[in-house]
Amino acid sequence: MAGLKYMSGFGNEFASEDSRCPGSLPEGQNNPQVCPYGLYAEQLSGSAFTCPRSTNKRSWLYRILPSVRHKPFSPMSCGDLTESWNEVEPDPNQLRWKPFNIPKSSEKKVDFILGLHTVCGAGDSKSRNGIAIHMYTCNTSMIDKCFQNADGDLLIVPQQGEILITTEFGKMMVEPNEICVIQQGMRFSVDVFRETRGYILEVFGAHFELPDLGPIGANGLANPRDFQTPVAWYEDHTVAIGYTIVNKYQGKLFSCQQDFSPFNVVAWHGNYTPYKYNLENFMVINCVAFDHADPSIFTVLTAKSTRPGVAIADFVIFPPRWGVANHTFRPPYYHRNCMSEFMGLIKGHYEAKEEGFQPGGASLHSIMTPHGPDVDCFEKNSTAVLKPERVASGTMAFMFESSFSMAVTKWGLDTCHRLDKSYYKCWEALKSHFNPNWKPSSK
């Protein structure tokens, strides 16, 4: 959207005030006896007060009215949003979903909250350890309503239709091939402009951070400067019939009413913010000699567990790049993994399965469930003339990879009616090429 401004950097200490109220940020202290313009000071903490300085997250918000002024919360329907991982029996099969249906606006008005559907997940928001993966399919904007997730961070991946996200920190326009992160406790509202669809990775108990680069060095992958945080913007808006705050708490939804907009933050400073990132800015690292490097080289963001090198969740992409490896089967190899792999497709075709895996659909390969290229991909790339070639041009696939063994919900297995029950057939025609009389060729 024209006119939206952002600040650059990942995890920076930012300071921003709406230009309509110059000097609204207090000088030299966080909590003066009387704030400029008669504002209220409110701290939003994203970490324990006593966390080391390098991991301490908090922001100070200077607002027209504090967020504490609201009516009591009451339970509301959760729809297809759930944290009940035992509602159906476990399914270790390879799973693939056709593009998830988007409700027609002419038939039913569905906003972002009503359009949330949980596909799979594991762990527990109460113990602050776990993840959930959701789809959002909606067709109308949220009006006098906002969402707050008390359970964890939301990494949002638009697939069809841009979304305008209004937050307490300012506004962000997020388009397909961009992502955004709304961190725990931040209130936001979503405007859409057409029938809209995307993916969400929710993480309980950890925040997303940039992966360590190790031997790669100081530069590469997602560079900190390419992350964007909105600038302060406020509305002094009274809602006589009631503004609705929807709160996701311990896996359930609750709502309350207040008579003013929560987006009344005139100024703020801190390092606990929403942010967005354009996937086109990812600096790809790849193999330039032989063999197929592990997909960890494509990690954009990670939410670390307490075990070194093991993530609660990684967000990994498969961007356009050059393939140049010699004497190598270049697509992803056949694999059984101690991690769960949920894949989505924003646009184009995924290199290992050009048919069947479609934008707006998904797949799940659970812990130790075998997976890999389909028959056509294997046969074609086993005999291909190896020369430098562009891989994945015009496409963007991604993966939510997790150390948790994720359970699929009843909605994911049944209610959505999008599960591709013929998925296993893409490997059925794989044949044996074994030759017991094979001899190495003379050089």
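Cβ atoms are placed via backbone N, Cα and C, with glycine included.
Annotations in TrEMBL come from automatic prediction, not curation.
Going by TrEMBL, these are the annotated features:
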{"type": "DOMAIN", "residues": "5-279", "note": "domain 'Homogentisate 1,2-dioxygenase N-terminal'"}
{"type": "DOMAIN", "residues": "281-434", "note": "domain 'Homogentisate 1,2-dioxygenase C-terminal'"}
{"type": "ACT_SITE", "residues": "His292", "note": "active site, proton acceptor"}
{"type": "BINDING", "residues": "His335, Glu341, His371", "note": "Fe cation binding site"}
{"type": "BINDING", "residues": "Tyr350, His371", "note": "homogentisate binding site"}
Rounded Cα-Cα span from Tyr350 (homogentisate binding site) to His371 (Fe cation binding site), Å: 14
Packing count at His371 (Fe cation binding site) (other Cβ atoms within 10 Å of its Cβ): 19
Spatial separation of His335 (Fe cation binding site) from Tyr350 (homogentisate binding site) - C-alpha basis, Å: 17
Residues flanking the Fe cation site, with Cβ no more than 8 Å from the Cβ centroid of His335, Glu341, His371 and excluding those residues themselves: Pro332, Arg336, Asn337, His365, Thr369, Pro370, Gly372
Number of Cβ atoms other than its own within 10 Å, given for His292 (active site, proton acceptor): 15
Nonlocal residues around His335 (Fe cation binding site), in sequence order (Cβ under 8 Å, 6 or more apart): Pro370, His371, Gly372
Sparsest-packed among the binding-site residues, when each Cβ's other Cβ atoms within 10 Å are tallied, from Glu341, Tyr350: Glu341
Rounded to the nearest Å - Cα separation of the residue listed as 'active site, proton acceptor' and Glu341 (Fe cation binding site): 18
